[in-house]
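Structure first, commentary second.
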Amino acid sequence: MISDRKLEHLLLCTHSDVEYHKKTGFKDVELVHKALPEVNQEEIDLSTSLLGKELDAPLIITAITGGHPASEIVNQKLARAAGKLNIGLGLGSQRAAVENPELESTYTIARQEAPEALIIGNIGAPQMELSSRAAEMMDLDALAIHLNPLQEAIQPEGDVDSRGYLENIQETVKNTSIPVIAKETGAGISGNDAQLLETAGIKAIDVAGAGGTSWAAVETHRSQDKSMGELYWDWGITTAASTVEVSQSVEIPVISSGGIRNGLEAVKALALGADVVGMALPVLKASYQGEEILQDFFHNFINQMKVAMFLVGASNLEELQNTDLVIQGKTREWLQERGYDTKIYARRSSL
Ligand code: FNR
């Protein structure tokens with residue numbers, strides 16, 4: 001049953017409208033143009049590291065799939081791309097294979113195809129008791145616990161008793177041999193929640209904010225009664241706002257994701273304070289078009305990032321985190337109401 005649901009998710013996400021109607025907020029973020037960039041665009045260095053692994057670019061394919069025979073080929077293609085580009089790869093929830101070991105190969109294929117890449121395992125918060133088995137299933141660099149209260153609330157079979165999760169996270173961190181990441185699935189993480197997660201021992205946070213794939217939307221397509229999913233389609237903290245909230249609230253690495261669709265948005269997310277950027281849906285769609293198109297997607301994306309970095313005079317990611325930007329519109333309103341400082345970005349290069 002879980003396995004069938006995995007296939008349904010893959011098909012729905014590639015063929016139906018599953019994205020937020022409200023935006024990520026990155027349109028409210030303007031990088032300050034430099035007429036004198038003093039940088040050679042061809043020498044821009046995007047390399048970084050996350051949880052002890054070097055990455056050639058600050059990119060992660062965030063959790064998508066595994067657990068259905070059809071997902072093996074998807075993970076194979078994603079892993080080949082991640083390996084060639086030396087970027088990170090997140091696997092989909094491993095619950096299906098913990099419960100049915102015959103499905104393990106749909107995940108382990110990723111390590112076979114990308115022996116050196118940063119590979120992140122995945123388990124849902126409602127199934128946290130399966131964490132150590134997920135972590136031991138294969139050679140993983142980290143395990144992500146996904147938080148998906150929106151999806152649980154909308155889906156008919158959802159688990160809506162979330163009492164004790166924070167305590168369970170603390171226990172899981174203690175009992176897991178690899179670093180544990182917390183990730184949302186598209187509704188964002190607030191600064192307050194991020195602080196609780198950091199205190200519980202989480203080693204990195206993926207904000208997975210609102211503006212991209214909406215799990216209320218996915219569940220709307222799956223339900224007979226569409227009214228609940230339609231009502232909550234746009235629920236969540238936008239990715240731009242969540243990126244600021246979380247990166248101003250914790251010291252651990254921050255992954256910005258949720259609706260990031262081009263290299264300019266990625267650069268904005270990094271300039272706002274993220275350490276790495278993640279994407280799921282556009283990568284899945286490109287993978288269905290073939291491995292060459294998938295690689296072109298990333299090459300193009302990286303080139304787009306380099307143009308933005310050139311235009312703000314940032315020759316590496318550290319310089320990018322000191323670049324000037326202005327936060328306007330709804331994102332500024334949100335952040336100011338929430339007590340976050342939006343001005344610190346505006347003239348920081350001259351400080
Ligand atoms: C996902 N996502 C997801 N996340 C997770 O933690 N475990 C999972 O098993 C899945 N499964 C999954 C399947 C499919 C088909 C998609 C498109 C996505 C969520 C994903 O990692 C990401 O957080 C959101 O999709 C938001 O990013 P994008 O898609 O807007 O770039």
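Positions of Cβ are set from backbone N, Cα and C atoms, glycine also.
Given the structure is predicted, the values throughout are model-derived calculations rather than measurements.
Per TrEMBL, the candidate among Thr213, Thr220, Thr323 that belongs to the FMN site alongside Thr62, Ala63, Ile64, Thr65, Ser93, Asn122, Lys183, Gly259, Ile260, Arg261, Ala280, Leu281 is Thr213. Checking the binding-site residues Lys6, Thr62, Glu152, Arg261, Leu281 against ligand 1, the ones with a C-beta less than 6 Å from an atom of that molecule are Thr62, Leu281.
Of all the Cβ atoms in the protein chains shown, 21 others lie within 10 Å of the Cβ of Arg95 (substrate binding site). Here the candidates are the binding-site residues Glu152, Lys183, Gly259, and by Cα distance the one nearest Lys6 (substrate binding site) turns out to be Glu152. Distance from the CA of Ile64 (FMN binding site) to the CA of Arg95 (substrate binding site) is 13 Å. Listed binding-site residues: Arg5, Lys6, Lys183, Arg261; maximum Cβ neighbour count within 10 Å falls on Lys183. When the Cα atoms are compared, Ile64 (FMN binding site) and Arg5 (substrate binding site) turn out to be 13 Å apart.
Look at the domain 'FMN-dependent dehydrogenase' (22-94): DSSP puts its residues at 21 helix, 16 strand, 36 coil.
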